[in-house]
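Lifted from Swiss-Prot, the feature list:
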| type | residues | note |
| --- | --- | --- |
| DOMAIN | 389-651 | domain 'ABC transmembrane type-2' |
| CARBOHYD | ASN596 | N-linked glycosylation site |
| TOPO_DOM | 1-395 | topological domain 'Cytoplasmic' |
| TOPO_DOM | 417-428 | topological domain 'Extracellular' |
| TOPO_DOM | 450-477 | topological domain 'Cytoplasmic' |
| TOPO_DOM | 499-506 | topological domain 'Extracellular' |
| TOPO_DOM | 528-535 | topological domain 'Cytoplasmic' |
| TOPO_DOM | 557-630 | topological domain 'Extracellular' |
| TOPO_DOM | 652-655 | topological domain 'Cytoplasmic' |
| TRANSMEM | 396-416 | transmembrane segment |
| TRANSMEM | 429-449 | transmembrane segment |
| TRANSMEM | 478-498 | transmembrane segment |
| TRANSMEM | 507-527 | transmembrane segment |
| TRANSMEM | 536-556 | transmembrane segment |
| TRANSMEM | 631-651 | transmembrane segment |
Amino acid sequence: MSSSNVEVFIPVSQGNTNGFPATASNDLKAFTEGAVLSFHNICYRVKLKSGFLPCRKPVEKEILSNINGIMKPGLNAILGPTGGGKSSLLDVLAARKDPSGLSGDVLINGAPRPANFKCNSGYVVQDDVVMGTLTVRENLQFSAALRLATTMTNHEKNERINRVIQELGLDKVADSKVGTQFIRGVSGGERKRTSIGMELITDPSILFLDEPTTGLDSSTANAVLLLLKRMSKQGRTIIFSIHQPRYSIFKLFDSLTLLASGRLMFHGPAQEALGYFESAGYHCEAYNNPADFFLDIINGDSTAVALNREEDFKATEIIEPSKQDKPLIEKLAEIYVNSSFYKETKAELHQLSGGEKKKKITVFKEISYTTSFCHQLRWVSKRSFKNLLGNPQASIAQIIVTVVLGLVIGAIYFGLKNDSTGIQNRAGVLFFLTTNQCFSSVSAVELFVVEKKLFIHEYISGYYRVSSYFLGKLLSDLLPMRMLPSIIFTCIVYFMLGLKPKADAFFVMMFTLMMVAYSASSMALAIAAGQSVVSVATLLMTICFVFMMIFSGLLVNLTTIASWLSWLQYFSIPRYGFTALQHNEFLGQNFCPGLNATGNNPCNYATCTGEEYLVKQGIDLSPWGLWKNHVALACMIVIFLTIAYLKLLFLKKYS
């Protein structure tokens, strides 16, 4: 059995215009007829850990075992029960599986797959990953802008988009939003066709689909398969996994690959599968769906199958008596290995590979891009901004909440006085403003978590670099959503509270609140990047902010904390924001206007000036005492964003 990493590099001269290697004869007709994908001795194993945490031991599990086959232009279905390995095989063929634990060869027209195979082939995931706030046409435009060559004019790209829309029958809904849980959009079938259209933009010779009928009713599922059948007649090689198709869908299949427990039960023409199982002693009842019949055989849970096996027990026993004592899956696998279908497949595989072992070359999982970094950044930012405007619950609602909260706080603390109560109220409202900015930034955890599947799919497909996506999301989503509330909040609260009537103090407060929001949001991204569940990231963020509040400077005087604990204050975002706001507001204030500052003060214990209050809080009165807090927040922003980027960069993108 040959063993290699599945991806290899080949010279450009060996590929055609679609990025796939040509046949040995270099016949141009092969391009229009599609590509022939063959797989030789595919084995896939994963290492799992079993047992309790103290003594967990790694256990190797075999997902695919010695799988061979050929996928030609047409509809190639991979059928099997849940957990049988059909999705794993599809991912292996599409070069979307982690190479570790993988062995075997996958060839295109008898040559190794090109390094950019993932970008030149199409792959439609099971859960449709399209931007719901955009229209069908806008989603296709995004795919065309990032996956088609920059040498193509906008007119040529629009022609390609219109052709795909017409081919998929999306003319009537082309300018309708796809839809989200808050926005009513297109139907399930139209959404699935939009996902297919995103891949057809590159005009791939090979199209992979992971269970394309999932979540669709029988009529819609039938319509989707009829569409795929029509596409296959145009010369495309369409490979898809499917769980339990109805007969009207099954009869459309050109090739059938039947898997169970990672073993091959059958591989060959779909319409000859019934005859194959009949020769093995399994007879399908009249009016029974062949696909259901095959699954019944594998699972061994059909009464009809049991009766038929009982009728043919003698004949089967004569042919292979030893198989009666073996597990059903192993028995069916051996029957296939000894069949004429297997021998014909092996002979054709030998002919395709030229009878020679391919040179094994270890390569990294590199992804090629057709567009530049700046081009990708512009389109990712544009889409993110449209998504922001199309999500009222995330944009308009947040602004409304900010306005209402600002008015409420302004009413509670309205017209702060310059007396002892003014000191307490000022400190209280400044502390609230700081902590509110922190907890409002918890919503930033959704920025990468919600779009995780979309990001992974588009990144592997070569839409954009991680850096383009990361920076684009920051510029179009994070910056405006944290900057605008800070501006609104400052404009409302500052004048209602009657804070220091100086322009520079007003803008320093606004800038401080923005820096607190950015640093808290950056921390949220650092925690949430790579996470799959929003609730887990939100819980971690809340715990961190509650801990930081203790060291903010209001709940405890930081000068009184023991030295072995005082260093924790330097990790508190609210502490830097609260200190800067106090320095900005209290410096130069007089809270005992009726007393002569130069005379003897009968109330020596009272705090009469802002400077006295700041000194008691351990705050430096110099200008550096103000700006060092902003420098610290800026450093935290850089550190947290770097962590978030690295987590996205090294995120496990292959299953």
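A Cβ is built for glycine as well, from the same backbone N, Cα and C atoms used for every other residue.
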Long-range neighbours of the topological domain 'Cytoplasmic' (450-477), counting only residues six or more past its ends (CB under 8 A): 96, 116, 118-119, 123, 125, 127, 129-131, 142-143, 146-147, 199, 367-371, 373, 376-377, 379-382, 384-385, 387-388, 530-532, 534, 641, 644-645, 648-649, 651, 653-654
Stretch in 396-416, 429-449, 536-556, 631-651 most in contact with the transmembrane segment (507-527), if contact is a CB pair under 8 A: 429-449
Top partner of the transmembrane segment (429-449) among 396-416, 478-498, 536-556, 631-651 - counted as Cβ pairs under 8 Å: 536-556
Across the topological domain 'Extracellular' (557-630), average pLDDT on the 0 to 100 scale: 83
Contact set, same chain, for the topological domain 'Extracellular' (417-428): CB under 8 Å, 6 or more residues outside the stretch: 499, 554, 582, 585-586, 589-593, 606-607, 613
Same-chain residue ranges lying at least 6 outside the topological domain 'Cytoplasmic' (528-535) that approach it to Cβ under 8 Å: 444-450, 452, 541, 643-645, 647-648, 651
Residues of the topological domain 'Extracellular' (557-630) by DSSP state, where helix covers H, G and I: 41 helix, 2 strand, 31 coil
Positions whose Cβ lies under 8 angstroms from the topological domain 'Extracellular' (499-506), at least six residues beyond its ends: 416, 426, 490, 584-585, 588-589
